[in-house]
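Student: Below: one structure in structure tokens.
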């Protein structure tokens, strides 16, 4: 039955439903029979509703003439599942049915959507990932193991992978366990044909083996555990077995293994015997690690830097900027920055030890990350020669290293906590009692041996120069001055014991000093030069005039900066001023936020330098 004819019949008499139609309303009997409600099935009713979907008023009138059960059957057929709307009345059901019929053409019934989803699921392929949670690389259909993290021989991976225990092919990128490569002779490790090289187990091409050997020796040299030392030496000896070109390296390995076996027995059973012993407790531990160092140096002489894995990185220049009794300031620079990212330096590790000590601690004193190049090492002993080793490193590992020697200044004071002043040997600096003859006759001796201990550069200050400095101090201390209407706060210092009398007669006296008398003395103390101080004062004054800081902060800041600021604080202030010079508002906020706490704390400079006439002392 055509939908158009049904629509025309319904519009002819809107009060007559399909069940009330008689034969007089139609011209042909076929149309009469098909319009009767008993003859129309669910699919024909759906076609009729879809034909009237563009005419919602006529469709609503037609649906109102049908029973609730007939409408429910059409809704269930449209949705593709059985539903029971017991709580909805007939008008609401008609509204839901019209909404279902008026859906866009792309939205078919739920059954159609379900079938399309099943087809999509069947079309989606599954991706096989590596079982290693740290890798999770996608594997091909023909891959039996992950070439990214698994061994190409045993096809297993390590949960905590140590790259020094793996052999990697430069051609195909495959890798294998070092132990797996040593078990089979067909990979060429220790053969006469390949001296210092090995065959890749995956592609068969030969690769360098000395880089892996150097890693074993380096770990053995730096480790503190006996089990690690034994294991790495055993691997280093196996990697060079049968060699003729590197016979001297093998002899050093044999000697180290022989000495170690004298303490722990055969290396095959070291794990059960020694467990996790300490290398320093072995009688041969230090000597064995020295042999490892000699083996690494011998390899560097034989193999060119391009062939060695630990090729030297950028050239370093290490110089000592300031030496005091208990600290030293070191600057490390890279002269020739490397263009390749592989050898690009990330930072430097500083290891400081006494020259008489044979070995350096495995933990560095400090680490300097670029672009920072200056570092201070604290806690040194006065009048002692030290050896400083600087090692450059990047993400791959250590690159280059350099050593120099220096000697700290003498500290004649009784208190070990005070640092040495660069102008006098006394621990109390220029604040010591000038009436004592010992203070007037002290000489300054400053020595530093640079460049691997080749030469000692010694500077001497005569007694006359020191005496002139003390004479200037006497003139300064007799005068008192006020800073912006307020007296300078008296800062008590530690006591000096008078050495001329038995029983230690201790005297203290208070004094106040003018800041305008000798500004250059304080400038030498905290590292603020005349030009730098003038530039900072002008900048702070400009900040006050533009309203970025108030008068109170300006007074406190300039007093603190010129009298109590340390070398590091002075350097930070200079960096802030140079960086935020074009943005004075940000500069003012940064200075207030960074130095407010330091300004309020009434401490003196902690760099060991006591400015003349500034550190006030009481004498009884």
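Heads up, the Cβ atoms here are built off N, Cα and C, so glycines get one too.
In case it's useful when we look at the structure, here is the feature table from Swiss-Prot:
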type     : residues : note
ZN_FING  : 148-206  : zinc finger
MOTIF    : 213-220  : motif 'Nuclear localization signal'
DOMAIN   : 314-412  : domain 'Fibronectin type-III'
REGION   : 411-466  : region 'Disordered'
COMPBIAS : 418-435  : compositional bias 'Polar residues'
MOTIF    : 493-500  : motif 'Nuclear localization signal'
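Thinking about packing and proximity, how do these listed features fit into the structure?
Tutor: Broken down by DSSP into helix, strand and coil, the zinc finger (148-206) contains 12 helix, 12 strand, 35 coil.
Sequence-remote contacts of a segment are chain residues at least 6 beyond its ends whose Cβ falls under 8 Å from one of its Cβ atoms, and for the motif 'Nuclear localization signal' (213-220) they are 163-164, 196, 228-229, 232-233, 235-236, 239-240, 249, 253, 256, 288-289, 292, 295-296, 299, 308-310.
Note on the domain 'Fibronectin type-III' (314-412): mean pLDDT across this stretch is 74.
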